[in-house]
């Protein structure tokens, strides 16, 4: 007969639990007052609606882009995509609609430039001078003979083709360049709202024209819109799902209600503290409520399952609550600490929103623990909880499974190793893909409009270079222009490139103009003096707002080259960037060996930078968690063994994702660290019960495994179901990073349960078997996990 050994720490926890129940009204009131005080902080929360939030100040691609924007006009833009009703953008009524929209677009807030087919600054020869005017000036002609030159000019103009017109002549664009003061967070929503209002007026005036709204500013606004959309469409279903699952699995309405109270208090506290410490909302933080709600349930579940079991075993409600807190206090504290460490590892991410996500969820996890050991027992002591004391054969499944483990331990262990090894091989085959224009799903207008623009007008993928000349005014040197021309042709020869925008095409056109529009002179001017003269004449002829400051710097010592590519995956995009940079190294002087810059370039390398930084963070988190478990479990051996079920789920999950989908974005960088803090909960509870059985009850390895399944098996199943449901619902997010993160986390959580129910028992049986180790039972520090 097994003799229980007393745990000297149990008394303190019992006294704490008893004090909580004696002073339950004080505990409840204090909890509500604390939450009310933290809620004041929510007034400080704002929405960050810029793609720039994903990049730290140290990010080299961001620094390169900021340097480029400091030289040239900033190009935050809005693109109106117009499709002609008769598939002919050169028809009179359609050109009139483009003219109207172009004129009205100048009136939108923050607009500093408007480019369109009709106001393209076309230059032609006029005796010994250059005449520059809108391509469609004044009233649109109705005669086809007068419209044909407009068509011919547009189709042969490199600065228009595949940028503001498509080759089929059915779609054109009106591009607005905005200069945002960046003093008010409402600038982007204000500009987007004004553009949408203009689009609505245009549609009312020209209902036959199909319109779509794209561009960087609208894209930025979608970040906050998607967050708000997710908060409204996902959080409430999440609440409903949690309550339904809990009510079904716990068979206790009052316990479900009490858990709902813990969830609400935890969520409100997290939002309040988030505001107090100055963290703003962003798309990754849109997943925060789901994560906190889901994780808050886990603590309550363990306390409630034990509480209900104790009542079924005949204890009264007060005694059952005290015993449940005694048994679960340390394991729940351990899981809280390890979960918080896992999420805090996100501070190593190169993307600030993921740092914020990790910090806020860590705060929520700690708050959930506090409310679970204080508010939950106090609140549930007031509720009329009733359970049946009839004994049920509830462990038949677990007993049967343990029997299989005992008989087939070698086979189970070997099979597990093979599966883990296979999935591990699949992990490196995962392709990183961060097409930032695809960050939103098709439930949002911005995704539909961006896709339409890419398919029918121009690409949203831009690669930019600022190419310096040797000296001030050096861009007029024929040698510089020749090199610029060769560089442009290099990119134009690539089938993935739609258009290259550089000053060299303008220079060639001006040279042709100054030679009587003779096509034979569509080439670079022969001398620096001629090039400078032509450029000066052209600039003097340009109207306000349509100058060349977006292409040439002030002292004419560098020019901007913009390469517009098709919608390619990140791997192909990085190759495209690298090829251009290498071409400059191979063909240009040293001072022209520059790096590409643009938001597209920034996102092309974001996954690699995040994975590189998170390797350190995840490694440190794993080390910290393992050290904590060694001391908490009172055993170096079991602490080290805990690494197996803690790391294996991420390997299995990422391997399975690689096998099924083959690609992942920057969410992959934070998955291992984040899920490490979640999956460790299961192994902590299982190991703490296993060791409690070995030490307090004197059981051998086989008996201890059966005891662990009996005492914590149901709770692990319940928490896994709830966590899986919660993160699966996050997979419904309209923001793809959250969508993928939710789905992959749910997969990892399921694998965590399988690892704890299959691999961990097999490892423990292999290590311990039936043998009782007296030195282990007596000399090791008493396990704190049993309190």
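In case you wondered, yes, glycine gets a Cβ from its N, Cα and C as well.
Nobody curates TrEMBL annotations by hand; they come from automatic prediction.
Going by TrEMBL, these are the annotated features:
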TRANSMEM  231-250  transmembrane segment
TRANSMEM  257-279  transmembrane segment
DOMAIN    262-382  domain 'SSD'
TRANSMEM  285-308  transmembrane segment
TRANSMEM  329-348  transmembrane segment
TRANSMEM  360-385  transmembrane segment
TRANSMEM  406-427  transmembrane segment
TRANSMEM  611-633  transmembrane segment
TRANSMEM  640-660  transmembrane segment
TRANSMEM  666-687  transmembrane segment
DOMAIN    674-766  domain 'SSD'
TRANSMEM  707-732  transmembrane segment
TRANSMEM  744-767  transmembrane segment
Helix, strand and coil totals (DSSP H, G, I; E, B; other) for the domain 'SSD' (674-766): 83 helix, 1 strand, 9 coil
Arithmetic mean of per-residue pLDDT over the domain 'SSD' (262-382): 90
Same-chain residue ranges lying at least 6 outside the transmembrane segment (640-660) that approach it to Cβ under 8 Å: 419-420, 422-427, 429-430, 622, 625-626, 629-630, 633, 668, 671-672, 675-676, 679-680, 682-684, 686-687, 743-745, 747-749, 751-752, 754-756, 759-760, 763-764, 767
Seg_contact(the transmembrane segment (406-427), the transmembrane segment (666-687)) with at least 3 CB pairs under 8 angstroms, min sep 6: no
Per Cβ pairs under 8 Å, the stretch of 231-250, 611-633, 666-687, 707-732 packing most closely against the transmembrane segment (744-767): 666-687
Recorded stretch that, among 231-250, 611-633, 707-732, has the most CB pairs under 8 Å to the transmembrane segment (666-687): 611-633
Sequence-remote partners of the transmembrane segment (231-250) [C-beta within less than 8 Å, at least six residues beyond its ends]: 256, 259-260, 263, 286, 289-290, 293-294, 297, 301, 304-305, 308, 717-718, 721-722, 725-726, 729-730, 732-734
